[in-house]
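In what follows, a structure is listed as structure tokens, so that the remarks can point back to it.
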């Protein structure tokens with residue numbers, strides 16, 4: 001079974017699928033012991049279990065197929081800590097031939113979605129009824145208390161998705177930049193109102209607009225438009241925001257008794273305020289009196305902080321999103337990016353490196369504090385930024401990433417890219433529920449011989465320690481539990497481990513070790529669910545050939561890319577590239593076959609041979625080589641790499657290239673300048689954009705409109721084939737990549753040429769029909785020759 005087939009079963013990719021038994025042997029691997037985990041990956045077969053999981057009373061692991069079961073005594077032994085646990089009475093029918101789904105050996109992952117029963121006046125979780133199991137068991141059904149903070153709609157029901165479903169849906173706060181030009185504002189209004197019309201009526205909604213001021217709309221006031229206005233310059237605390245909005249409890253006497261009633265009309269169920277919300281959107285007037293030579297006043301940071309303060313004050317626990325629509329940088333208040341005076345240019349990478357930035361560090365600090373509040377309250381921050389200029393995504397990135405939100409950098413809100421991204425967020429499942437996952441927590445349980453170092457991805461450490469947490473931290477470390485506000489079916493987190501040999505004890509080669517991932521989340525219908533993935537691998541001796549055969553070079557490259565961009569946040573890019581190079585030399589020296597001091601003898605086996613190539617393209621990728629990108633673009637690229645799985649990460653690191661010609665069907669070709677020839681069409685996929693490149697002869701024939709001649713049907717089919725394939729490539733990606741169409745020697749061809757291996761340059765002998773690249777960059781062949789020379793040194 002190959003690594004992709006294993007991922008389809010487990011939702012995991014391992015850099016090494018067999019682990020050495022000692023810490024020193026693990027360190028000699030160079031590539032760390034790591035697992036890329038997609039918590040809510042879509043499986044073709046995922047058993048849904050309608051009751052709560054059984055938990056080991058000692059280590060907290062969930063009952064799984066690796067547990068040893070004594071059917072006579074109804075006892076199960078935890079494979080992680082070996083503690084013996086009693087089965088409850090509801091498992092009385094368990095036998096070797098009558099197993100619950102969580103013990104089926106074929107299920108690496110199961111999902112618990114308890115069917116609750118309501119018990120009036122009770123806030124405890126107790127068995128109250130019996131649900132029939134598909135395999136003949138009866139399991140107690142448990143009730144869960146309603147958690148709505150809105151007393152008028154606090155009751156709960158049972159829905160088809162399982163779990164307790166609050167009558168209140170998720171909350172959405174729409175934060176709109178009122179400094180947009182009229183056409184852009186019209187496009188935002190049209191698309192946002194479209195998705196609002198599709199929302200379930202129990203969803204909570206609010207509207208905030210901002211320019212130099214921040215306006216919070218009172219959606220419960222119908223006589224006229226009523227807003228609470230905040231000055232955009234002020235950085236208010238959550239308590240101050242809530243005080244000015246009048247959030248909290250008012251005391252009233254009813255039949256001689258004092259009662260507390262929540263009074264607010266800024267965040268209301270859609271069914272109560274849809275007309276007022278639509279009217280408020282229609283009344284937003286674009287700013288027209290911008291001073292010549294100045295940027296519009298935008299208080300973006302104050303608006304986001306106000307939206308979060310509103311959600312915090314309303315104690316929303318059903319999941320919530322702050323959705324920001326902006327067309328320029330913040331020019332005042334907390335989170336400011338640049339002064340409004342156009343004589344002050346927006347910061348570049350060089351400005352950040354040299355420290356010539358007025359606001360960058362302070363604004364990053366503001367958004368990092370905001371990120372903690374977002375995660376503490378399980379609020380998602382989505383930013384849709386459409387502008388020809390930078391908008392401050394580099395500063396905003398941390399808050400968006402740590403909350404799991406979407407970041408879109410586009411040119412105009414009238415684009416199909418924006419429409420598709422916005423509507424994708426609000427898609428529904430077969431039962432009509434929003435396909436959203438809120439309030440997500442991740443927990444890792446391991447056997448005693450390993451330690452958890454940390455995680456890299458859109459998660460925040462909860463700083464919960466136990467015996468399996470390492471003192472060495474990588475990324476978000478110092479914990480066995482992490483949190484984020486939301487994930488998607490594609491969100492992927494990289495976890496790092498090391499082997500612990502305390503008191504000189506080490507596991508026996510050939511024995512198994514276990515890792516369990518427990519993901520808790522709230523579905524779009526309000527139901528709480530828990531997905532449990534339990535997997536096993538084997539310990540091997542340090543020099544065992546199983547180590548080499550277990551190496552997954554695609555996962556290793558993805559992991560090293562995340563480590564590299566994590567380092568790049570603190571170090572200069574040149575230092576990060578040096579770190580990558582030194583690691584690659586040690587890796588090649590460790591796993592290459594060679595005669596010492598003889599570079600020509602160097603060989604790598606097939607399961608290692610692609611790894612140096614991945615590192616070559618990573619060093620010259622947009623993640624580390626930021627020369628041609630703005631800080632906003634770099635922040636976006638790194639955010640996407642830090643959340644995508646192995647397959648998409650590899651496309652980002654080493655893009656794919658397909659050749660279309662009259663000789664036959666499309667074929668993959670080398671990512672090399674020699675692949676550019678006049679008589680072919682190339683389809684280039686870098687994940688962030690897709691290029692359809694016509695060779696000079698193809699472009700000439702197209703301009704002569706040969707494809708419109710019925711006698712040249714083959715040529716027409718040749719032109720259509722890459723267009724169809726490009727459309728399929730971008731279909732499932734959010735945000736949708738840009739499709740660039742260009743001709744050989746045209747200006748847009750730079751999107752392709754910049755990513756190709758410069759095997760033919762102005763310094764090399766040039767023969768044949770391929771292009772040349774004007775560059776001083778090292779080619780892949782020179783890179784590999786240097787690697788071989790350094791790897792074979794004593």
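Cβ atoms are placed via backbone N, Cα and C, with glycine included.
As annotated by Swiss-Prot, Zn(2+) binding site applies to 56, 59, 78, 81, with the evidence given as similarity to another entry. Listed in sequence order, 78, 80, 81, 83, 445 are the same-chain residues at least 6 apart in sequence whose CB falls under 8 Å from the CB of residue 59 (Zn(2+) binding site).
Remote same-chain partners of the region 'Zinc finger-like' (56-81), defined as residues 6 or more beyond its termini with a Cβ less than 8 Å from a stretch Cβ, comprise 87, 91-92, 94-96, 102-105, 107-108, 443, 445-448, 512, 514, 516, 518, 532, 534, 536. Annotation comment: Swiss-Prot describes 56-81 as region 'Zinc finger-like'.
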Check residue 56 (Zn(2+) binding site) against DSSP and tell me helix, strand or coil, would you?
coil
Among the binding-site residues listed here, 56, 78, 81, whose Cβ has the fewest other Cβ atoms inside 10 Å?
81
When you average the Cβ positions of 56, 59, 78, 81 for the Zn(2+) site, which other residues in that chain have a Cβ within 8 Å of that mean position?
57, 58, 60, 61, 79, 80, 82, 83, 85, 445
